[in-house]
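*Asks:* Straight out of TrEMBL:
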BINDING   SER36, THR37, ARG38, THR39, GLN63, ARG87, HIS114, PRO115, CYS116, GLN117, CYS249, LEU250, ARG277  carbamoyl phosphate binding site
BINDING   ASN145, ASP209, SER213, MET214  L-ornithine binding site
DOMAIN    2-127  domain 'Aspartate/ornithine carbamoyltransferase carbamoyl-P binding'
DOMAIN    133-287  domain 'Aspartate/ornithine carbamoyltransferase Asp/Orn-binding'
Amino acid sequence: MYILDLAIDLKEKYKQKIETPYLKGKILAMIFEKPSTRTRVSFEAGMLQLGGSALFLTSNDLQLGRGETIGDTANTLSQYVDAIMIRTFEHEKVVELANHASIPVINGLTKDFHPCQALADLLTIYEEKGTFEGSKLVYIGDGNNVAHSLLIGAAKVGLNCTIACPPNFEPMPEIISYAQEIAEQTHAKIEICHDPIHAVKDADFIYTDVWASMGQEQEKQIRTESFSSYQVNTDLVKNAKGDYQFMHCLPAKRGEEVTSEIIDGPNSIVFQQAGNRLHVQKALLKTILE
Ligand code: CP
Ligand code: NVA
């Protein structure tokens, strides 16, 4: 909540063109082992707007791509920069990097989590409703990194969250139990089911993500078959609240997980979400670096 409130303040300053040089002279190293539009540009622009700078590094440009260890990379980068943001495959890599680095490490997406996205999503919901209490977020589709981080984020802020996914594509059981454990304190209702129609009943927010994430390209066909009844389309959203809002982390595949009518329609807030990546990450950077 501290980061979300700070993000609202920074967003207001950004709109009013008030300068915010809180991180003057600070440098963020950004390591990407997967493509990115939003994460890369919002972190880089965010650091510049805070008076600092950012380095865009792919593992192929680093000795990491030639087998230098994560530990040695972490120790070396810690000599030069103030924080590291990394987007990679295995979550364990981020943990290893953080364990070896003497500076903060930010997860810019792994196979298992996408916490910066969840922060931006929560900021978007908070802006829309002014509170998390009493709202229902429904995520339809793959129990993937985005679903995992939403579950944990929703549980932390007390937002009710239902996930509807095909059998065998549920979120990881240990993440469900972790979210449920947190939800006991905040009274958020966490539900996992297989029926999208039941799930979207009374939904305030309907969220989906691609059926095949980065690195799962070879599973595309089997996934398209398994997820075919989980598309967010006009028929499905009829079961939600009349003023429901549609969310997607982007990039999206129109005609697969969502139809163009929905994502490009009047209830879609996907670019507000994308925009909020900038503000919430600036709040995060200020919090950990200042
Ligand atoms: N939502 C998101 O993380 O987008 P990018 O892959 O473009 O960074
Ligand atoms: N689940 C998607 C999110 C992309 C921002 C992926 O991991 O590719």
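Note that Cβ sites are derived from N, Cα and C of the backbone, with glycine treated the same way.
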*Asks:* Out of CYS116, MET214, CYS249, which of the binding-site residues has the smallest number of neighbouring Cβ atoms within 10 Å?
*Replies:* MET214
*Asks:* From SER36, ARG38, SER213, MET214, CYS249, which binding-site residues have a C-beta atom under 6 Å away from some atom of ligand 1?
*Replies:* SER36, ARG38, CYS249
*Asks:* Taking only the binding-site residues ASN145, ASP209, SER213, MET214, which one has a CA atom nearest to the CA atom of GLN63 (carbamoyl phosphate binding site)?
*Replies:* MET214
*Asks:* Near ligand 2, which of the binding-site residues CYS116, ASN145, ASP209, SER213, CYS249 have CB less than 6 Å from any of its atoms?
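*Replies:* The binding-site residues passing the 6 Å Cβ test are ASN145, ASP209, SER213, CYS249.
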*Asks:* Return the single residue from the binding-site residues list (ARG38, HIS114, ARG277) that has the minimum number of other CB atoms within 10 Å.
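*Replies:* Sparsest of the binding-site residues ARG38, HIS114, ARG277 by Cβ contacts within 10 Å: ARG38.
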*Asks:* Taking the mean position of the Cβ atoms of ASN145, ASP209, SER213, MET214 as the L-ornithine site, which residues outside that list, in the same chain, have a Cβ no more than 8 Å away, listed in sequence order?
*Replies:* LEU109, LYS111, HIS114, ASP142, ASN144, VAL146, VAL210, GLN216
*Asks:* Looking only at C-alpha atoms, tell me how far SER213 (L-ornithine binding site) is from CYS116 (carbamoyl phosphate binding site), rounded to the nearest Å.
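*Replies:* Pair distance, Cα basis, whole Å: 17 Å.
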*Asks:* Radius 10 Å, atoms counted are CB only; among the binding-site residues SER36, GLN63, ASN145, SER213, which position scores highest?
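*Replies:* That would be ASN145, with the most Cβ atoms nearby.
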*Asks:* Which one is closest to ASN145 (L-ornithine binding site) in space, judged by CA to CA distance, out of the binding-site residues HIS114, CYS116, ARG277?
*Replies:* HIS114
*Asks:* Return one of helix, strand or coil for MET214 (L-ornithine binding site), based on DSSP.
*Replies:* coil
*Asks:* My understanding is the cutoff is Cβ-Cβ under 8 Å with a sequence separation of 6 or more in the same chain; which residues meet that for ASP209 (L-ornithine binding site)?
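*Replies:* Listed in sequence order: TYR139, GLY141, ASP142, ASN144, VAL146, ALA147, HIS248, CYS249, GLU257.
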*Asks:* How many whole Å apart are the CA atoms of MET214 (L-ornithine binding site) and SER36 (carbamoyl phosphate binding site)?
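*Replies:* Distance between the two Cα atoms comes out at 10 Å.
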